[in-house]
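I'd like to ask some things about the structure below.
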Amino acid sequence: MEEDDVTIREQNFHSQVREYIICFLLFAALYIVSYCIITRYKRKTDDQEDEDAIVNRISLYLCTFTLAMSGGAVLLLPFSIISNEILLSFPKNYYIQWLNGSLIHGLWNLVSLFSNLCLFVLMPFAYFFLESEGFAGSKKGIKSRVLETFVMLFLLGLLILGIVWVASALIDNDAASMESLYDLWEFYLPYLYSCISLMGGLLLLMCTPVGLSRMFTVMGQLLVKPTILEDLDEQIYCVTLQEEALQRRLNGSTSHSHFQGSAHRLNKELDIVRDQRNKLERRKKASAWEKNLLYPIVMLILLTGTTISVLLVALNILYLLVDETAMPKGSEDRGLGNTSLSTFGLVQAVVDIILMFYLMVSSVVGFYSLRVFEGLTPRKDDTTMTTIIGCCVSILVLSSALPVMSRTLGITRFDLLGDFGRFNWLGNFYIVLSYNLLFAVVTTLCLVRKFTSAVREELLKALGLDKLQLSNSPTDPESGKLSANGHQKTL
């Protein structure tokens, strides 16, 4: 009997060590990828080892950790779904015994814990540490800046504590809920994270429909558009003449010192014209299959993905009206591989995973397309640490809300695990139904506006009326802006 107990304890010990090793390896891979991404956009500084350099390096490490947690939150549902299907297909395979419910639940709990840590501690610390200079009258140095940062964090914590306490008292003013707010770990932090998750879900609801329609423009800028009713040689000739005229004006203005402001403006115009000429030459040199086959296929894939997403949301609305089990909920069941949550098995699971990644990419594209957040757009080798902190916080909020949004919209039937399934608003039928209706309606309206606008512009261009600016008002930021293919925005 004692030998059996020892054997069970050894198995549990080895299983736990194996889970820790797997979690560490996954986090290490995400951390390396996140570090490469951030260093690609971070503004280059000199190699001088001073106080500011140390502060920047610490903030960089914290931002990398946060971005790695964002990647982990994005991968939670796909990894769980594919693990469930693998265990269903190979239930007795020795080489996948490490893939079990305990590991999946551990990953969900770790991502939830560290997402809270990044959102409420690490990112505020990185921002205040970056902006701190030390208290007046104190000795300058790292210790003084750290002390100021902790004082600012303490004051911020008190402010957030008071705001949430007052908001909870206004919304649910009874003795039980008021007393539960004093329980910091068991109620207050999950309640606060539930509010952040709701705001993240609303942010996704605002960004994703915009991103789904914007994806067509983005891919149109990256790919070469088919040449229909366009004379590229004539466009290149006109742009070349414009470039030569600007170059002559620039040569004439540099000889006079009082024309320095005009020369700076002409330099900017010349760079724009040269960039336009390079893009037109790229379109001309592109192969026939790239222009006539690749572009339509990519656009068809985007249209198919968007249509499937809207149809799944419409079906989920019907399920919500007739079946209460369609409501998103959390699960404490540690069993995995018992039953398939996809009607068509592995194929549908793969489609669900692709749609989740597509929605995440679309939400990021939509986030940076909104005028409110344009200032956070990262630029290669020219992004300040403050902007990087803002980007990491925004992406963390979006990625943490992605599993909840995917389950709420019915993209997948996989129940939320860990703290992700304990959000208070998930049990509210009216909130969930309104969320689905708003997503379907707003996405449809964005796509209709996108396609009708693109078709209208193409017709005006074919008729030679595009120069009259009938399709867009002068205030439209995209009306006079050239795309990466050297022409105005099109489908």
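From the backbone N, Cα and C atoms, a Cβ is placed for every residue, glycine too.
The transmembrane segment annotation in TrEMBL covers 20-38, 58-82, 102-130, 150-171, 191-212, 293-321, 341-373, 385-405, 425-448.
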Can we call the transmembrane segment (191-212) and the transmembrane segment (20-38) in contact, meaning three or more C-beta pairs below 8 angstroms at a sequence separation of 6+?
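Per Cβ check, the transmembrane segment (191-212) does not touch the transmembrane segment (20-38).
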Return yes if the transmembrane segment (102-130) and the transmembrane segment (293-321) have at least 3 CB pairs under 8 Å (sequence gap of 6 or more), otherwise no.
no
Spell out yes or no: are there three or more C-beta pairs under 8 angstroms between the transmembrane segment (425-448) and the transmembrane segment (58-82), with each pair 6 or more apart in sequence?
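Between the transmembrane segment (425-448) and the transmembrane segment (58-82), contact is absent.
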The transmembrane segment (385-405): which same-chain residues, six or more beyond its ends, come within Cβ distance under 8 Å?
38, 41-43, 56, 59-60, 63, 66-67, 69-71, 73-74, 76-77, 115, 118-119, 123, 126-127, 130-131, 196-197, 199-201, 203-205, 207-208, 328, 356, 359-360, 363-364, 367, 373, 375-376, 378, 416, 420, 423, 426
State the non-local partners of the transmembrane segment (20-38) in its own chain: residues 6+ outside its ends, Cβ under 8 Å from one of its Cβ atoms.
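Cβ under 8 Å, 6 or more out: 60, 63-65, 67-69, 71-72, 98, 103, 106-107, 110, 388.
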Below 8 angstroms Cβ to Cβ, which residues of this chain, lying six or more residues outside the transmembrane segment (58-82), approach it?
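Those are 26-27, 30-31, 33-35, 37-39, 42, 104, 107-108, 110-111, 114-115, 118, 122-123, 125-126, 129-130, 336, 341-342, 349, 352-353, 356-357, 360, 385, 388-389, 392-393, 395-396, 398-400, 402-403, 406-407, 412, 414, 417, 420, in sequence order.
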